Amino acid sequence: MSAATTDTAIAAPKSAPRERFSATPYLLNLPALLVIGTLLLVPLIMTLILSLHSFGMYTGVTDDISFKNYAEIIQDSYFHEIFLRTFRISLLTTLLCALIGAPEAYILHRMRAPWRSIFLLVMLGPLLISVVARTLGWAMLLGSTGVINQTLTGLGILSAPVQFMYTETGVIIALAHVLMPFMVISVWAALQRLDPQVENAAISLGASPFTVVRRVILPQIMPGILSGSIIVFALAASAFATPAIIGGRRLKVAATLAYDEFLSTLNWPLGAAIAVLLLVGNIIIIVGCNRLVERRYAQVFQ
Amino acid sequence: MNRNGPLALAFHALVVLFVTAPILVVCVVAFTSRGYLSLPTDGLSLRWFYAIGDRPEFLASFRTSLWLAALSSTIAVVLAVPAALAIGRLKFAGRGLLLSLFQSPLMIPHLVLGIALLRFFTEAGLGISGWTLVAGHLVVVFPFALRLILTTSVGLDQQIENAAVSLGASRWTKFRRITLPLILPGVVSGWILSFIQSFDEVTMSVFISTPHTTTLPVRLFLYIQDNIDPLVASVSAILIVLTVIVMVVLDRLFGMERLLVGPGRS
């Protein structure tokens, strides 16, 4: 739900008079700083150090420091395949979310009073339902004896069931469902900033509805689509429960790989190295892409 | 507002089907009378709801999840109120830095948090217990609590508090009688959103759960990894129905848009 926080970045209060140094704000922040700082920064630094240790079948985790784990991930084609798959799945999930979420947000935006809030609730509500329950639904729909296959073979459209489970297609469909609300939220927020008069002006000047969407609406909600895409991509790349259930044990992504290294193989240093790469990749994408979007659309944000 | 064309409405219908289908199918399959996953074509049966009674671990996990969510969101709110009052209304060096730190758990994959906390707690010699789960969930839900309390504390009218002080109220009385009631909507909605986030969290919890402190989503996840049968459907169906009830109540009380999108103009 990181989507929402970018909108509420609070500007420094301008009314507060410039005073001499006061300890009050620091004292008020101290409890949260101590707790969050300890539980966040210390564990992350420890994970970074752990990723530099090595692991042996008989020695366990040893305290030496080297980049061996990173070198292994970079050189081994097994890891390449998994990271490439994670990237491909995230990219296609983002594309699917944008193609469904952005038009849907616009349709919601144009709806009349009661329907608008009802369907907004339908679109955003799943965000509050457990990811495991939602993914379970997709497992039931996509299975070889699942609802989709039974319906299609029953109607004679398919002669044999299509394999969705344990495939990238299945993971992408389920992930797109899980992450779609973030795209709708992001585009919806951009639509709220739209001035309806511009749209009316375009219509009164003789623009067709299609031209209005293409020339007036789309350029203005593009920042919303892009920031929604950043969030969806980052969440898809680090998603765990959905690829673990739909992809199974064989179709691994970066997150399920780290999980297996940690809890099955017990190679904690290698698992930590994968986690560090995942974290660094995530931060680069979120911070880097946000910068790009903000620079490209500086005039929209002003 | 202008109406949507027939093409737009058809698209909308498909999207609604896409969004609701997996949620509905869980609720429908839960009523099957067969021993395997199937749609209840030959009448509805409560068999799999009764079957939950034979699996006390699901009920125990449900209880664990409720306690965990209540504890972590309460601690988060207690920590977030003073922080939000300072960040939202005072000007001080390091303000932006603190806000970024407090919001950073949103950027960190829960998998990484789970791994980091597992390493931290074992290295610190604390082991893994119910309290480590509370600590982990606190980190995850804190940004949500802070964000909603911040939005109410920013708009606070300082004059009312000044009036209370000039009338002789002590700092504590001022906070209890003036400030807290004014930011209460943010505190309550922040607590509820934190509660839901904690209750649904699965990825981080997988790493820092023990057999005695397995949360309901983790229990379901581990069960599904082995086999998918109508039992998980009935447990999930109950979970979904409870969530939908909470959702509708929240929408009536605060508006889903304000809670999830942030304070907008409409």
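The backbone N, Cα and C atoms fix where each Cβ goes, and this holds for glycine too.
Note that TrEMBL annotation is computational and uncurated.
Feature annotation from TrEMBL assigns domain 'ABC transmembrane type-1' to A:83-289. Residues or ranges marked as transmembrane segment in TrEMBL: A:26-50, A:87-106, A:118-141, A:171-191, A:224-246, A:266-287.
Here the transmembrane segment (A:171-191) has long-range neighbours at 1, 3-4, 7, 89, 92-93, 96-98, 100-102, 104-106, 108-109, 120, 123-124, 126-127, 131, 134-135, 138, 142, 164, 220-221, 223-225, 227-229, 231-232, 235-236, 239, 242-243, 245-247, 251, 253, meaning same-chain residues at least 6 beyond its ends whose C-beta is under 8 angstroms from one of its own.
Stretch with the most C-beta contacts under 8 angstroms to the transmembrane segment (A:87-106), considering only A:26-50, A:118-141, A:224-246, A:266-287: A:224-246. Sequence-remote contacts of a segment are chain residues at least 6 beyond its ends whose Cβ falls under 8 Å from one of its Cβ atoms, and for the transmembrane segment (A:26-50) they are 61, 65, 268-269, 272, 275-276, 279.
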